[in-house]
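Okay, handing you the structure first.
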Amino acid sequence: MRVINLGRQDYLNIWDKMKTFTNTRDKNTKDELWIVEHNPVFTQGVSSKPEHILSNTDIPIVQTDRGGQVTYHGPGQVIIYCLFDLKRLGMGVKRIIEIIENSIIDLLRTYTIKAHLKSGAPGVYIDNAKIAALGLRIKQSRIYHGLSLNIDMDLSPFIQINPCGYQNLKVTQLCDLTDSRDTLNIIAKKLSQILINYVSRNRH
């Protein structure tokens, strides 16, 4: 599996590249993880409703093809896009979602942070505050999109939305929960390796 760090990128540019990669890959194309940090943007999933954006905003709003509802991406947040051939891996969408969520939980455990899942609410939580979101798109057994993990960012844009469709949902970030000085790139590298290890152990 290839891991590519693309640095700071506009969302639309990366979304277009994900679709192109997925549409043109064949049975021999290696799976890839793309590490990205986005410029400020609200993205709406296929289940999102207009009323989940609560106020007028100068932040761009993009209607995407991923699952889920509305969320915010911005500087200080780790994004990892998972471009996988699930048929080749021998797993379904439900299993890959579990792997992504468990990878985030395992990463946070290395910072002595106890994270958990919520029934019916995809993502990863610390107490009642969301620290990570995920949304995927599947096309002919191939997935794209992925996860976002709040590290050290301005959380105020989340006030302008119902994150993931939930009213008054609190959000949190790693820097408020640990004294670690690990950089965004170090954290992204750690999370990528945990994710790769999970996928390797679970493929059939």
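Along the chain as shown, residues are numbered 1 onward.
In case you wondered, yes, glycine gets a Cβ from its N, Cα and C as well.
What Swiss-Prot records for 27-204 is domain 'BPL/LPL catalytic'. Look at Swiss-Prot and you will find Arg66, Gly67, Gly68, Gln69, Val70, Thr71, Tyr72, His73, Ala133, Leu134, Gly135, Gly146, Leu147, Ser148 tagged as substrate binding site, backed by sequence analysis. Feature annotation from Swiss-Prot assigns site 'Lowers pKa of active site Cys' to Lys130; the stated evidence is sequence analysis. The active site, acyl-thioester intermediate annotation in Swiss-Prot covers Cys164.
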Just to confirm my parser: what is the rounded mean pLDDT across the domain 'BPL/LPL catalytic' (27-204)?
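The answer is 92, the mean pLDDT of the model over that range.
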Just the number: how many Å between the Cα atoms of Val70 (substrate binding site) and Lys130 (site 'Lowers pKa of active site Cys')?
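Here the two Cα atoms are 13 Å apart.
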If H, G and I count as helix, E and B as strand, and all else as coil, what does DSSP give for Ala133 (substrate binding site)?
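SS state of Ala133 (substrate binding site) = strand.
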Which of these binding-site residues has the least crowded Cβ, counting other Cβ atoms within 10 Å: Val70, Ala133, Leu147?
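Checked Val70, Ala133, Leu147; of these binding-site residues, fewest Cβ neighbours within 10 Å: Leu147.
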Just jot down the residues in the same chain as Arg66 (substrate binding site), at least 6 apart in sequence, with C-beta under 8 A of its C-beta; none if empty.
Thr43, Gly45, Val46, Gly135, Leu136, Arg137, His145
At the Cα level, what's the spacing in Å between Lys130 (site 'Lowers pKa of active site Cys') and Tyr72 (substrate binding site), rounded?
12
Lys130 (site 'Lowers pKa of active site Cys') has how many other Cβ neighbours within 10 Å of its own Cβ?
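Its Cβ has 22 other Cβ atoms within 10 Å.
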